[in-house]
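As structure tokens, the structure follows; a few thoughts come after it.
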Amino acid sequence: MLLIKKKHQYENLISTFRNKAGAHYDENFIIYFENLKNVDKPISLKTISDFSNFLMTLILFWSKIIDVFKEKTEKEMNISLKKKKNEMSITKESELIGMKKVSEVVGTTLKLMREYAEIGMSTKELDEYGGNILKSYGAKSAPYETYGFPGYTCISINEEAAHGIPSENKILKEGDLINIDVSAELNGFWSDNGGSFIIGKDLHNYQPLVDASKNILRKAISNIKGGVKISEIGYLIETEAKKSGFKVIKNLAGHGVGRSLHEEPENILNYRVKSNRERFKKNTTVAIETFISTNSTVAVELNDGWTLVGNKGGYVTQHEQTILVTDSYPVILTKSNEIWN
């Protein structure tokens with residue numbers, strides 16, 4: 001005999017469902033429970049029919065919650081089922097030369113933009129400076145060409161985690177935390193890199209967060225070679241972040257890069273997904289990124305359709321290198337950015 005006690009249990013169950021499902025729940029679905037909550041005495045399910053009806057409703061109830069969780073999680077984590085993309089594998093000397101050239105361009109552009117940035121400058125001016133450097137090499141801005149991004153580079157300030165839009169109204173101030181992400185295409189090859197740094201004096205104690213991101217990226221890359229599980233690098237990144245007192249953003253990731261901006265493997269995450277058995281492959285090119293956070297674990301999009309901020313506020317630092325995976329230490333293709341100096 002299954003004994004269900006007191007109507008507050010039904011009320012709690014319904015309340016839980018509504019809270020978790022949000023606007024997605026089906027009112028008709030919980031009529032059965034709405035009726036049950038009106039009883040004043042314990043309900044005794046004595047017959048097989050009573051038990052079967054209740055059990056079936058309970059199964060459907062929790063199935064609905066699971067479906068809603070899945071739907072909301074996929075939206076929040078920006079995960080969707082997509083067709084498998086290409087994977088850049090270096091098989092010719094000409095391909096390696098092409099990747100080295102575009103990587104040197106984006107690395108140099110990032111370095112020069114970092115040196116050019118100063119107090120009182122707008123992020124629009126800084127972006128145009130970077131765009132002109134890319135053009136001088138014959139390279140094209142990847143975010144502009146691929147996604148129609150309103151800028152040549154992504155420049156994120158303070159609470160902005162990523163994809164910040166360059167603007168004449170965003171003026172750099174002493175102590176600002178700034179991130180510049182530069183990616184481009186040159187002669188059919190693509191490369192990506194980025195870095196966070198502080199404008200002027202560190203007035204707000206951002207430096208530990210910046211240093212953690214740089215150091216973790218260096219350690220992560222040093223552990224990558226052909227055959228290493230991608231999930232293990234994610235575990236390393238999150239573990240090192242926690243040791244430093246920080247968190248990681250879980251819906252932003254590194255990725256394959258080469259013949260397009262985003263290739264396989266698509267999700268080189270900053271934490272371990274145990275079910276991911278994918279491994280790094282020798283002679284492939286990938287962009288490895290750290291997203292180290294003070295408060296948040298998920299990046300959410302603002303109303304401008306581009307800018308990402310942390311779901312719980314705080315600050316995020318990012319550092320990124322495009323590398324060639326080998327059977328030993330990787331080749332850092334974007335080393336001209338000097339982000340570790």
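The backbone N, Cα and C atoms fix where each Cβ goes, glycine too.
All TrEMBL annotations are machine predictions without curation.
These numbers come from a predicted model, not from an experiment.
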Q: May I ask you to find which of E320, E338 TrEMBL records for the divalent metal cation 1 site already listed with D181, D192?
A: E320
Q) Looking at the binding-site residues D181, D192, E289, E320, which one has the fewest other Cβ atoms within 10 Å of its own Cβ? A) D181
Q: Specify all same-chain residues, apart from the site residues D192, H255, E289, E320, whose Cβ lies within 8 angstroms of the center of the Cβ atoms of the divalent metal cation 2 site, ordered by sequence.
A: S183, N193, G194, G254, V257, I268, V286, A287, I288, Q321, T322
Q. For the binding-site residues H163, H255, H262, which one has its C-beta crowded by the most other C-beta atoms within 10 angstroms?
A. H163
Q: Give the sequence-ordered set of same-chain residues, not counting D181, D192, E320, with Cβ within 8 Å of the centre of the Cβ atoms defining the divalent metal cation 1 site.
A: V106, V182, S183, N193, G194, A287, E289, Q318, T322
